[in-house]
Amino acid sequence: MSAVDARGLRDLAVEVAREAAALAREMRLGGIDVADTKSSALDVVTDADRASEVLIRRRLLEARPDDAILGEEGDDHAGTSGVRWIVDPIDGTVNYLYGLPECAVSVAAEVPGPDGTRVVAAGAVVGIGTTVEYAAARGAGATRDGRPLAVRPTPPVAEHLVLTGFGYRTEVKAHQVERMTRLLPRVRDIRRIGSCALDLCHVAEGSADAYVEEGPQLWDWAAASLVLEEAGGRFGVLAGALRESVPDAPERALLVGTPAAGWDSFVAVLAETGFLARTTRPGGE
């Protein structure tokens, strides 16, 4: 896909995500209750999640009726154009429920890649509580509120501020906390903000040095991963160690994001602290 096409998809993603964020912001003023739960009683869905996804789906299909849509709340649409939109109507729903500002709407456009895989061509992450807009088009850079983004210079891992998150299932949380207790002495500090999309955008803008989390879904990270890459970062979904504790966990579910120059050193520390699957650690240990 050409850069011009990617820019057009980016602009549409920003426009639609902005509208959905405004809707969620307005609904929050009237008070929000839990409408449903998903993987556990702690994994909540609100009426605003559903209303946001309905709005996004309608707006995308008005603009591009032949595109496919994959949404977190399941309002999917099969398309024929080759473009698939990946939508998280509210990333950070628990923050949203409690009135914390770290929640966002995430909209990404995925297209066929040159090698038969699929790649994210464009994306937008728009803050609900902050109104900050992150956007990227592949090959055209990333922006925050229209201004170019760039990752910060990479310090030694011992000076890293690391962002992370935790799952909803008890056994997943137990695994994640155990790994974090190994990592914490190796870095400056660890923060848990509550939104995968915003975590990656914070690394992209230089507000943090790295992000690691096991378990988020494609809609959580699709748009923000491109923002990070276009800002000079690197993103990957690696084979993590979660299946050693939770056998039904996905094989490849460990998300890592860093400035490109800091990737190797941070992943090496993750291997040393047990985040990677045994078969991918040096020596298999």
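Cβ coordinates are placed from backbone N, Cα and C, and glycine is handled just like the others.
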Same-site residue for Mg(2+) 1 (record: TrEMBL; known: Asp88, Asp91; options: Glu72, Glu73, Glu102): Glu72
Around the Cβ of Asp88 (Mg(2+) 1 binding site), the count of other Cβ atoms that are within 10 Å: 35
Rounded to the nearest Å - Cα separation of Asp220 (Mg(2+) 2 binding site) and Glu72 (Mg(2+) 1 binding site): 9
